[in-house]
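Copied over from TrEMBL:
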DOMAIN    6-120  domain 'Tetrahydrofolate dehydrogenase/cyclohydrolase catalytic'
DOMAIN    139-281  domain 'Tetrahydrofolate dehydrogenase/cyclohydrolase NAD(P)-binding'
BINDING   G165, R166, S167, I231  NADP(+) binding site
Amino acid sequence: MTAQLIDGLALSRLWRTRLTERVAALRARGVQPGLAVILVGDDPASQVYVRNKVKACHEVGIHSVLETHPADLSEDALLARVRALNTDPAIHGILVQLPLPRHLDAHRVIETIAPEKDVDGFHVANAGALMVGQPGFWPCTPHGCMKMLEHIGVDLRGKHAVVIGRSNIVGKPMALMLLQANATVTICHSATADLAHHTRQADVIVAAVGRPRMLTADMVKPGAIVIDVGINRDANGKLCGDVDFDAVREVAGWITPVPGGVGPMTITMLLANTVDAAERATA
Ligand SMILES: Nc1nc(=O)c2c([nH]1)NC[C@@H]1CN(c3ccc(C(=O)N[C@@H](CCC(=O)O)C(=O)O)cc3)C=[N+]21
Ligand SMILES: [Mg+2]
C-alpha cells in the first residue's frame with residue numbers, strides 16, 4: 001500500500017484564491033488588510049521565511065510592511081515598535097519572527113502585541129481562547145494541519161491522535177485542536193518512555209520534533225494519517241521532515257511531504273488570520 005499525498009501547495013493555492021476574493025471585498029469598502037513583520041538580526045533561515053511571508057501577502061493583496069532591525073536592538077526599542085504598530089490603523093496583523101536574539105525576552109515581546117493583532121496566535125489571550133474554545137487566533141502551523149485533515153475528509157471523532165512534541169507553538173495547540181475535533185489525544189515528548197508503543201496505536205500522527213526522519217515505518221500503523229511538521233536539514237544539507245518519508249509512505253494511508261506540506265499551509269493560515277483580523281477590525 002502506498003499512501004495518498006496531502007498536497008499542501010495545492011491546498012494553499014485553493015485557500016489563497018478564496019482569500020484574494022475576501023481581500024478584494026475589503027478593498028471595495030476601502031479597507032486594505034495590512035501585516036507588519038518584524039525581523040531582528042540576520043539569521044539567514046529567518047530572512048528566507050520572512051521573505052516568503054511577504055511574497056505570500058503580495059500574492060493575495062495584503063499590504064505588508066517588513067521591518068528589519070540590527071541584532072543588537074534593545075528590548076525597549078523593540079517593545080516601542082510593537083506598541084506603535086498596535087495603534088497603527090493600517091496594520092491589522094503583527095508578526096515578530098522567532099527565534100529572537102538571546103538578549104530579547106520573546107515572551108515579553110509577544111505579550112506586548114495587541115491580542116486582536118496577534119495573527120501568530122502566540123499571545124496568552126489567544127492561547128487561552130483556544131484552551132477554553134472561545135474565538136481567537138489559532139497558531140498557524142497546527143491550524144494548517146487541521147485544514148489538511150479537514151481537506152481529506154477524515155472524521156476525527158473517536159480517532160486516536162498522537163502528537164509528538166509539546167511546544168507552545170505546535171504540539172500543545174495541535175493537541176487542543178484535535179481534542180476540539182473529538183479525537184482521543186496523546187501527547188508524546190522527549191521524556192516519553194516508549195514512543196513507538198504510542199505511535200503504533202495512532203490513527204493520526206503529528207510529528208513536531210525537529211529531528212530528521214525520526215518517525216520510521218515500524219512506528220506507524222498501516223493506513224494511518226501522518227502529518228509531518230518538521231523542517232530539518234539532513235547530513236547532506238537536504239531539506240527533510242521528522243518523518244522517514246520514503247519508508248513511511250509504504251505503510252501510511254495519507255502523508256504530507258516536506259517541502260510542500262505543512263510549510264505552505266502555515267503561511268496560508270497566517271494570511272487567513274490577517275484577513276480575519278482586518279474583517280474583525282472593520283466590521
Ligand atoms: N513568529 C513566527 N511565526 C512563524 O510562523 C514562524 C516563526 N516565527 N519562525 C520560524 C517558523 C518557521 N515557519 C515556516 C513557515 C513556512 C515554511 C515553508 O513554507 N516551508 C517550505 C520550504 C521552505 C524551504 O525551502 O526552506 C515548505 O515546507 O514547503 C517553513 C517554515 C514559520 N515560523
Ligand atoms: Mg514541537
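Positions of Cβ are set from backbone N, Cα and C atoms, glycine also.
Those TrEMBL annotations? Automatic predictions, nothing curated.
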>> So if I measure Cβ to Cβ from R166 (NADP(+) binding site) and keep only same-chain residues at least 6 apart in sequence, which ones fall under 8 Å?
In response: K172, I187, H189
>> On a simple 10 Å Cβ count over all chains shown, which one of the binding-site residues G165, S167, I231 is most densely packed?
In response: G165
> For the NADP(+) binding residues given in the record (G165, R166, S167, I231), what is the largest pairwise C-alpha separation in angstrom?
Replying inline: 16
>> For I231 (NADP(+) binding site), which of the three DSSP-derived states applies: helix, strand, or coil?
In response: coil
>> So if I take the binding-site residues (G165, R166, S167, I231) and measure from each Cβ to the nearest atom of ligand 1, which come out below 6 Å?
In response: I231
>> Please compute the mean pLDDT of the model over the domain 'Tetrahydrofolate dehydrogenase/cyclohydrolase NAD(P)-binding' (139-281).
In response: 98
